[in-house]
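Structure record follows, encoded as structure tokens.
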Amino acid sequence: MCQRESAICGLFRPYSIGMSDRPLLSTDNSPHYGASDRSSDSPALSEYDEQNRQTVEKRLLRKLDLRFAFLVLIYIMSCMDRTNAAAARLRGFEEDLGMTGNQFNTLMSIFYVGYLLTQTPSNMFLVRMTRPSLYLSNCMTICGAITLFIGVAQTYHAILILRFMVGVVEAAFFPGAIFLLSRWYKRNELGYRTALLACGSPISNAFSALTASGILASLDGILGFAGWRWLFFVEGILTIVVAVSAIWILPDFPSSSSVWLLPDERILAKLRMEEEVAVRNEHKGTPVEGWSGLIDALTDWRVWWLGVALILMEASLSFRIFFPTLSATMGYSSTITLLLCAPPWILGTATLFLVARHSDATGDRFWHTAGPLFVAIIGFMVAISTMNAAVRYLSLFFMAQAPVAHVVSLTWVMNTFSQSRSKCAVAIAFINAMSSLGYIGSSYFWPSRWGPSYANSCSICILTSTMCIVMLWVFRRHLSRCNEAAEAEEQALGLRKGFRYFL
């Protein structure tokens with residue numbers, strides 16, 4: 001180690017002495033976990049040391065935020081690739097391929113079959129990698145290439161297979177990106193960063209609608225290709241360009257060499273994660289066993305409970321896939337219909353930032369998950385009650401708040417299983433994969449014969465949202481009892497404040 005790094009290690013070392021037996025986690029809102037939990041016999045930082053750490057930490061977070069912002073751009077392209085078929089439906093997609101009955105619903109559903117199968121194995125593989133940036137970028141490059149092939153496919157069954165392959169490859173990105181975030185940010189920093197990443201979905205819903213309206217209207221018939229084929233061409237090429245660029249921008253793990261970090265920033269990045277991890281469960285330097293995280297996750301009933309809750313949540317969010325179809329019930333042209341899709345998602349993105357930031361500030365997860373679902377339920381009820389165009393359009397704004405719940409719930413998953421790196425990776429992927437089951441089945445919640453009111457579809461979404469809220473309430477009560485038990489044990493044994501679950 002160079003002389004400078006040795007000096008820096010000495011500078012930060014007093015902060016971590018005596019803390020290896022318990023993670024520095026608390027329920028307060030202090031920007032540094034454990035800052036208010038040190039016992040009187042713990043070595044105190046000098047004023048210079050504390051100020052220096054804060055300066056380095058601000059610089060580190062600024063660099064991380066700039067690089068992870070590129071994840072949002074990739075996720076926007078990812079969401080566009082999975083939902084562009086809904087926009088293509090408005091301009092001859094079904095007719096050109098001779099689709100009948102529920103074939104379009106099957107086409108939308110098959111993506112999530114592939115998405116379900118590979119998320120957990122992918123994250124297990126990602127934990128053992130030293131270059132996750134290369135892995136995630138290559139997966140999205142392949143995804144863009146497959147999207148291009150969809151544009152030239154001539155038969156329904158060919159596109160069905162390609163949609164399945166898009167799901168298989170794209171499954172690596174979102175749970176992998178969520179896990180990568182959890183390896184750089186502390187628990188009270190994750191909610192807002194997860195929201196920044198997940199905002200790619202509503203931004204994509206808004207931006208893809210605007211893009212699709214322009215492509216479908218202006219490129220239809222160019223070089224002999226229908227407008228819906230150009231939609232897949234353009235979005236596939238954009239995905240490839242963004243994904244290839246990400247190879248040199250995305251960070252790897254803190255333990256990997258990072259030329260973009262100064263030595264003091266690299267040391268602090270590792271130290272921050274050591275303070276977050278429960279060392280008794282997974283010590284620094286211990287090799288990650290390939291199956292330990294999988295076994296721990298699959299034998300924890302909480303993983304299955306959250307998985308089922310998110311299946312119900314995703315089922316209630318199925319309207320996102322058919323948002324252009326819902327917008328079309330107001331009777332406007334396809335171009336106007338797509339343009340009307342944008343404002344609800346723009347508002348949803350703004351709400352997402354506010355709710356996620358407030359969730360981090362308060363340490364609350366349940367009410368910040370249940371609240372957006374309650375708002376969406378109001379939207380479904382409004383849509384059921386009338387066919388008035390203005391009122392139905394208002395209902396879309398309410399519905400577009402529901403994805404906020406999904407973002408906060410994913411942050412809750414990371415908080416709950418943060419004590420073990422490998423288990424956290426599997427839990428994130430497994431729960432996210434289970435939630436895909438909600439989309440697989442719910443793709444059939446919106447058959448054309450139930451239009452134009454789609455009252456039955458909205459009723460099903462109300463039911464699944466309510467069931468999800470109930471399950472998450474039970475989960476919150478369980479975590480609350482765990483916190484109470486931990487506090488009672490610490491008081492009985494005279495221990496200082498340790499790990500607490502976010503509620």
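These residue numbers are counts, starting from 1, taken along the chain as shown.
Including glycine, each Cβ sits where the backbone N, Cα and C put it.
Curation plays no part in TrEMBL annotations; they are all automatic predictions.
Annotated domain 'Major facilitator superfamily (MFS) profile' per TrEMBL: 67-503, in sequence order. Residues annotated as region 'Disordered' in TrEMBL: 28-50. Among the features that TrEMBL reports, transmembrane segment is placed at 68-87, 107-127, 134-153, 159-182, 194-218, 230-250, 303-323, 335-355, 367-387, 393-413, 425-447, 453-475.
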Restricting to the domain 'Major facilitator superfamily (MFS) profile' (67-503), report the mean pLDDT as a whole number. 83
Candidates 68-87, 303-323, 367-387, 425-447, 453-475; stretch with most C-beta pairs under 8 Å toward the transmembrane segment (194-218): 68-87
Leading stretch by Cβ pairs under 8 Å, where the reference is the transmembrane segment (367-387) and the options are 335-355, 425-447, 453-475: 453-475
Are there at least 3 C-beta pairs under 8 angstroms linking the transmembrane segment (159-182) and the transmembrane segment (68-87), leaving out pairs fewer than 6 apart in sequence? yes
Give the nonlocal contacts of the transmembrane segment (335-355) in its own chain as ranges (CB under 8 Å, at least six residues past its ends). 87, 90, 192, 195-196, 198-199, 202-203, 205-207, 209-210, 212-213, 216-217, 323-324, 327-328, 368, 371-372, 393, 396-397, 399-401, 403-404, 407-408
With pairs 6 or more apart in sequence, are the transmembrane segment (107-127) and the transmembrane segment (393-413) linked by at least 3 Cβ pairs under 8 Å? no
